[in-house]
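Colleague: Annotations per TrEMBL:
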{"type": "DOMAIN", "residues": "98-390", "note": "domain 'ABC transmembrane type-1'"}
{"type": "TRANSMEM", "residues": "32-51", "note": "transmembrane segment"}
{"type": "TRANSMEM", "residues": "94-122", "note": "transmembrane segment"}
{"type": "TRANSMEM", "residues": "143-161", "note": "transmembrane segment"}
{"type": "TRANSMEM", "residues": "194-212", "note": "transmembrane segment"}
{"type": "TRANSMEM", "residues": "224-251", "note": "transmembrane segment"}
{"type": "TRANSMEM", "residues": "271-290", "note": "transmembrane segment"}
Amino acid sequence: MHYRKYLMSLTKNEKTRACSGRFLHDARFRSYLAQATVLLVLIAALSYGGYNVVHNLQKAGVTTGFAFLDETAGFDISQTLIAYSSKSTYADALVVGLLNTLLVSALGIVFSTVLGFSLAVLRLSSNWLVSKLATTYVEIIRNIPLLLQILFWYLAILAPLPSARKALSFEGIAYLCNRGLQLPRPVLDGGGNLVALALGLALVVSFFFIRWNHLRQRRTGRRFPAVLFSLVLIISLPLVALACMGFPLHWELPVLKGFNFRGGITVLPELIALLLALTLYTATFISEYVRSGIMSVDRGQKEAAEALGYQPWMIYRLIILPQAMRVAIPPLISQYLTLVKNSSLAVVIGYPDLIHVFAGTVLNQSGQAMEIIAITMADISLLVWLYPFS
């Protein structure tokens, strides 16, 4: 009220100065002003940078855009999960590299999780020798840079293996040489769509059954072996589909012809080296996260379960691990994302992942550096963002 009377007694210029002074002393107004200033500066900097990029590209005669993705690649890729040849496009090469990255990342997450959980339990074992061996492994492996471990497995272990003609044979079924691991390949003579449909149906039913069992356990406290049931369903339903068609399945064995093997499945030495290094390295960190989660559970719960006659494996599965996961899951997810990003080190040994194929070969051939790097960064960011939800 007094401030209003004071304003009425002032002249027009004095009123303007008084109102502006009031705004400048308002913390919210100053905050909005600072944010608007930073936003304008950022827009100006981006505009200036974008103008310089476009101007310099035009001056150098470099075309921009994503039309290059439809051009013929003109090179082969050693490992492809989809149909691909040198006549395919750059877009196909992008998909091949992305799938190879997904393959090594998914396998690395599964194997490192199993090994990490095992190491965590072994480190907490009452057996002194087992505990010290697990501790020694963790302390040594996690302190050696991952790049050195990849090079060790590739150059010191796999590269010196004998050639294809002198390959190590495993009962004539599988072979190991410097060209990789040769394995039998299952071949369906017909009915592949029916088997795929049966497998997909089993996965969907298992997913909803596990969710139903989880809700039932929370509501009633009763537990059903849903995981075991799901595994049996996933294995048996495709087998039933095969049985209905008379088992039109045979195994294609790798056969040495000339200087290389024909038939079967070839697991590249680059994939083996990368997967081994990622698994052994990441498992050490996972074991520490799981061990910290287990140690966060009150010891009295374990002693009470032992007094009730529970077996050690039941104590861990039903009592300790479910509570430990609340502590371990956040850093575990972070470690999984780190594994996905670490898979880009595959470029040093030539594994055809996204970085090697698209940000390497395609970039060198097309010269579209800005677009290729942007696509590669977007793909990796999308993978990292989607993994926690999966």
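Positions of Cβ are set from backbone N, Cα and C atoms, glycine also.
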Colleague: At a threshold of under 8 Å on Cβ distances, which of 143-161, 194-212, 271-290 pairs most often with the transmembrane segment (224-251)?
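Modeller: When the Cβ pairs under 8 Å are tallied, 194-212 comes out ahead.
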Colleague: Going through 32-51, 143-161, 194-212, 271-290 one by one, which has the most CB pairs that fall under 8 Å from the transmembrane segment (94-122)?
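Modeller: Selected stretch: 271-290, with the most Cβ pairs under 8 Å.
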Colleague: I need to check the long-range neighbours of the transmembrane segment (271-290): which residues 6 or more away from its ends have a CB within less than 8 Å of a CB in the stretch?
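Modeller: Those are 79, 103-104, 107-108, 111-113, 115-120, 123, 134, 137-138, 141-142, 144, 146, 149-150, 152-154, 157-158, 180-181, 324, 328, 331-332, 335, 338-339, 342-343, 345-346, 349, 351, in sequence order.
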Colleague: Who are the long-range neighbours of the transmembrane segment (143-161) in its own chain, taking Cβ under 8 Å and residues 6 or more past its ends?
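Modeller: Residues 168, 176-178, 269-270, 272-274, 276-278, 280-281, 342, 345-346, 348-349 contact the transmembrane segment (143-161) from elsewhere in the chain.
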